[in-house]
Amino acid sequence: MASVRFTVTPTKAEDLPGLSDTSPDISSRSGARVRFGSRESVNRSDPLSDASGGAGTETPDHSSVEQGDGNSKISSVYINNSHCLDDDDFYDKNLALFEEEMDTRPKVSSLLSRLANYTNLTQGAKEHEEAESIGEKKKAGKSPHMGTFMGVYLPCLQNIFGVILFLRLTWVVGNAGVLQALCIVFICCCCTLLTAISMSAIATNGVVPAGGSYFMISRSLGPEFGGAVGLCFYLGTTFAGAMYILGAIEILLMYMAPNAAIFESKSPEGEGAAMLNNMRVYGSICLLLMSLLVFVGVKYVNKLASIFLACVIVSIVSIYVGALVSAFKPPQFPVCMLGNRTINGHEIDDSQCAKTILLPIHEPVERDDFNFTTISENSTAGPTFDPSPAPSLVEKTTYLWKQFCQSPELNSSCDQYFTSNNFSEIEGIPGLASGIISENVWSSYLSKGDVVEKSSLSSSHLAPPASTHQPYVFTDIATSFTLLVGIFFPSVTGIMAGSNRSGDLKDAQRSIPIGTILAILTTSIVYLSSVVLFGACIEGVVLRDKFGDSVKGNLVVGTLAWPSPWVIVIGSFFSTCGAGLQSLTGAPRLLQAIAKDNIIPFLRVFGHGKANGEPTWALLLTTLIAELGILIASLDLVAPILTMFFLMCYLFVNLACALQTLLRSPNWRPRFSYYHWTLSFLGMTICLALMFISSWYYAIVAMVIAGMIYKYIEYHGAEKEWGDGIRGLSLSAARFALLRLEEGPPHTKNWRPQLLVLLKLDEDAHVKSPRLLTFASQLKAGKGLTIVGTVVSGNFLQSYGEALAAEQTLKHLMDKERVKGFCQCIVAQKPREGISHMIQSSGLGGMRPNTVVMGWPHAWRQSEDPQSWKTFINTVRVTTAGHLALLVPKNISLFPSNSEPCSEGYIDVWWIVHDGGMLMLLPFLLRQHKVWRKCGMRIFTVAQMEDNSIQMKKDLATFLYHLRIEAEVEVVEMHDSDISAYTYERTLMMEQRSQMLRQMRLSKSDRDKEAQLVKDRNSMLRLTSIGSDDADDTDGGERDRGPSSSSGGGGGNSEHQRRVQMTWTKEKTSHYRATHSGCSTPEGFRDMLSIRPDHSNVRRMHTAVKLNEVIVNKSHDARLVLLNMPGPPRNSEGDENYMEFLEVLTEGLERVLLVRGGGSEVITIYS
């Protein structure tokens, strides 16, 4: 006879003969009702029976009576009675509740006896994560009117050319040499060019409103990255404003008005500190004036922009013209040298680069001031008399003599190096045709305090350290390749100027790529050619002289300019002021854009401004931050700071482009097609390398700042969904991980409870037992998968709104309890079906729940509607069939909340049968949470008469030691005892109550059916089919049931879905009344009172009572009791008795967690 697999809800045994439980077949679940044409027996192979050694088929004869001891005994509906064994000794009397599953869930004693052979089974942890968010953000652009040249090219030029070109590029060339300087410029320009390519791709993939790079990054990488990098870019722009102001003040105090210095030092050691103080004072004044100008109106800044840009262009042109002119007529800027050491031109008051000079004798001179000789002025010999007949010249010591000697006398004691070397003058600007580039090709890095020297000049081998009191040109900081990279990089920033103005462009998707890339190419050519020109035209010692001391305080790049150094001085001053104004104008708007996006709560105030939209508060914050840069006062220290912030911004622009390209997002359709993910990746690599090359500690600080902002936005920021690439990356990563999980089941060591929490909603869509989710959060401690589900009764098309409301209720509760997970709301006609569907369909791939958490049906005895506890038992059956673990907290309202930690006490584990180790693992996981952390753990196990309790305790302690679990161990001996009168009476009361309720429901059902027959003249009785899961004769009327145990509402009880059309004749109706209505007569009740309890029920009640006595005696003061949950009967005939058994088993306990394993090992002794 062929096997039949199907799903049915238990009904009367006589209606479904001989059925045993197997795993449900989903394919047969499409219809919830099963009809049989004839009452034929159904044969199925029972895997559990096969596992026990009892293979074969079950007999369909439900009315067979076994004779024993002279008493008739109805065959039990429990599965193991299929073995047809009547010997009570086959099972332990004290474990009768668990006897039907002993073949799959062995006794603890038998498990511990095989401890030496204990092996872990390869089982897996199934997880699933998904991201859902809904949102849309649109910004309207301004009316466009600008083209590529005016809208992108010139603004980029103005922002890229800046203070570094005029103040530091010559110094970079002098220290690094032409080759390394070209390398520095090339690397920096490549970085910006690759970033511009990536930026062009992003900018042409849609409209980019104000905010520029921030908008591009945030919409490509998400609000967390966007906010972090946006703030970094804001800080970089703000510090850039401070750098430009410091550059302008340096030009003012060094080259335009040196006498304007407020602080002066009497000693050379204090000159640097005095200069820094001057920078702070004048820088603060300049910052205040610029901020006022920006506050008054940005239109004035825009009007001045063209003037500042003209200054930049004129200055650069004058450099090129001066370089060409120097090939024919080099400008005269002599540099005084002592040996190969450079002399500070400021110290030569008499303009004499010599030790002594010869002066004509016009009047008598004092012998102590002059020495009458005619020797060479740079001679190192002592004074002698010339034998020539006309001694008309007298030798006089110079100002430099006084700097190196103790007195102006020719015979005074002098510095050793001064005595050994002579003075000489070299040309500071030899010119383009001089070939000086051969000396400037190689690097010449110096340490702080070193003298600037010319290696090609001869000098004495005796070179004692120079004193700071001597008039040499000293270096103020130590130089290296990495330092120069950090100082130079700000001169190539500013490439975002075009994208920031995208709303003002006629055709932004065409203008931004062309204008930005052309501007970068132009500036790169200027920088590279300037490096070569500086190396070919200017003497090396002058290049290494940062402040132009060797050329009497002239700006070094100005010495090359034509027609006058003042062209560069004035032009660079105004250009740096203009760049500073642009930074102070752009930075507040960037901060305002971030604040208006509302992703960083504490920045919301900076989103407000004046009535015309000017960011007043953002300008104030920008001014304060820029003042911090001003107080640093050193251009060389501020430049690396903004280098970090700009590099981080560019890094993420490249990352955004590479990510979008690799993910192949459907929305990634940039008009700019000359990009590739390898170029973006290369640009990202260069940015990261430059960050650590220029200053590794600044790079770490910048990353830490960005990381802190990222985490702040992640935890406290507003939820945004911008369709960013990180979401796409998460989706791709999740898909990849899920596919990897499908390759095989994870190991037992990776098992953790992945929860499906079933919650019940009342009529007002409020969660009835919120503590259930609290307990789940304590069990999970934020780890693994958590799905919170509920079932809404009704039709999906009609109840969709209720389902959305229920889902929102669950989300709010999850947020309140801080549970990270997902919601799932199922709409179904019958709650049982909904729960079954949810258990089957929750999760995705290898990330599926492996543990179901559901509440205990309270007051099930008093309820007129049996659907609550019937749904509960059905869920237990479904989880068992799906090989899922089940957790049922009883008295959940008494469980502690997250704010009520248990100060002391125990978590007691009653390990009766082994079901995979869930009972061991759950207390360990609970104690990871602060609520249960201070609780101890006690493990009790039950020993029978034939067990050696002493050996069991020893084996259990060894087992826990190998599991690395600390717990107290106790073995409880349960002696065989006769069944007490109390047990017999309680079993009898249970069966009488069940029979009485069944008769009451039958009589009510009969009345309904008679009324229906009167109404329906065609004799079409509307009944639910035999295979229904809740509405047959024994179950009561489905039409009268209230909200289900997992229902979010009571609506949608359409009779059409519960209706099966069956043709009834008068003969059938009369026969039905005769066979079913007699039970409701008084004689039927008298028969019910004379029944004797089923022997198997008595034995099970005996187990429940005995175990309850022991558990209450040992664990009455425990904070939580964990207990094996016995399985339900395979037939619905014993459902109500099963509920009574569980009540008796847990009677008198405050907090109980019934645990039913999924049949797989979840804990292992192996590492």
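Just so it is clear, glycine is given a Cβ too, placed from its N, Cα and C backbone atoms.
Values in this document were obtained by computation on a predicted structure and should not be read as measured data.
Here is what TrEMBL records for this protein:
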type: COMPBIAS; residues: 1-10; note: compositional bias 'Polar residues'
type: COMPBIAS; residues: 20-30; note: compositional bias 'Polar residues'
type: COMPBIAS; residues: 1003-1019; note: compositional bias 'Basic and acidic residues'
type: DOMAIN; residues: 152-329; note: domain 'Amino acid permease/ SLC12A'
type: DOMAIN; residues: 478-756; note: domain 'Amino acid permease/ SLC12A'
type: DOMAIN; residues: 770-886; note: domain 'SLC12A transporter C-terminal'
type: DOMAIN; residues: 903-1010; note: domain 'SLC12A transporter C-terminal'
type: DOMAIN; residues: 1098-1167; note: domain 'SLC12A transporter C-terminal'
type: REGION; residues: 1-72; note: region 'Disordered'
type: REGION; residues: 998-1059; note: region 'Disordered'
type: TRANSMEM; residues: 147-167; note: transmembrane segment
type: TRANSMEM; residues: 179-204; note: transmembrane segment
type: TRANSMEM; residues: 225-246; note: transmembrane segment
type: TRANSMEM; residues: 281-300; note: transmembrane segment
type: TRANSMEM; residues: 307-328; note: transmembrane segment
type: TRANSMEM; residues: 477-497; note: transmembrane segment
type: TRANSMEM; residues: 518-543; note: transmembrane segment
type: TRANSMEM; residues: 617-635; note: transmembrane segment
type: TRANSMEM; residues: 641-662; note: transmembrane segment
type: TRANSMEM; residues: 674-691; note: transmembrane segment
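When each of 152-329, 478-756, 770-886 is checked for Cβ pairs under 8 Å to the domain 'SLC12A transporter C-terminal' (1098-1167), 770-886 comes out on top. Count of Cβ pairs under 8 Å against the transmembrane segment (617-635): among 281-300, 518-543, 641-662, 674-691, the largest is for 281-300. Contact between the transmembrane segment (477-497) and the transmembrane segment (641-662) is present: at least three CB pairs lie under 8 Å, with pairs separated by 6 or more positions in sequence. Counted with DSSP, the domain 'SLC12A transporter C-terminal' (1098-1167) comes out as 32 helix, 10 strand, 28 coil. Here the transmembrane segment (281-300) sits against the transmembrane segment (225-246); at least 3 CB pairs are under 8 Å, leaving out pairs fewer than 6 apart in sequence. Across the domain 'SLC12A transporter C-terminal' (770-886), DSSP classifies residues as 58 helix, 22 strand, 37 coil. Packing against the transmembrane segment (641-662) from elsewhere in the chain are residues 191-192, 194-195, 197-199, 201-202, 205, 213, 216-217, 220-221, 225, 229, 232-233, 235-237, 239-240, 243, 486-487, 489-490, 493, 629, 668, 675-677, 680-681, 683-684, 687-688, 690-691, 694-695, 698-699, 701-703, 706, 725-726, 728-729: each is 6 or more residues past its ends and has a CB under 8 Å from a CB in it. Averaged over the domain 'SLC12A transporter C-terminal' (1098-1167), the predicted model has a pLDDT of 79. Proximity of distant same-chain residues to the transmembrane segment (225-246), defined by a Cβ-Cβ separation under 8 Å and at least 6 residues beyond the stretch ends, is recorded for 162-163, 211, 213-215, 217-219, 279, 283, 286-287, 290, 490, 493, 576-577, 579-580, 583-584, 586-587, 590-591, 593-594, 597, 599-600, 622, 625-630, 632-635, 638-639, 641-642, 644-646, 648-649, 652, 702, 705-707, 709-710, 713, 717, 722, 724, 726.
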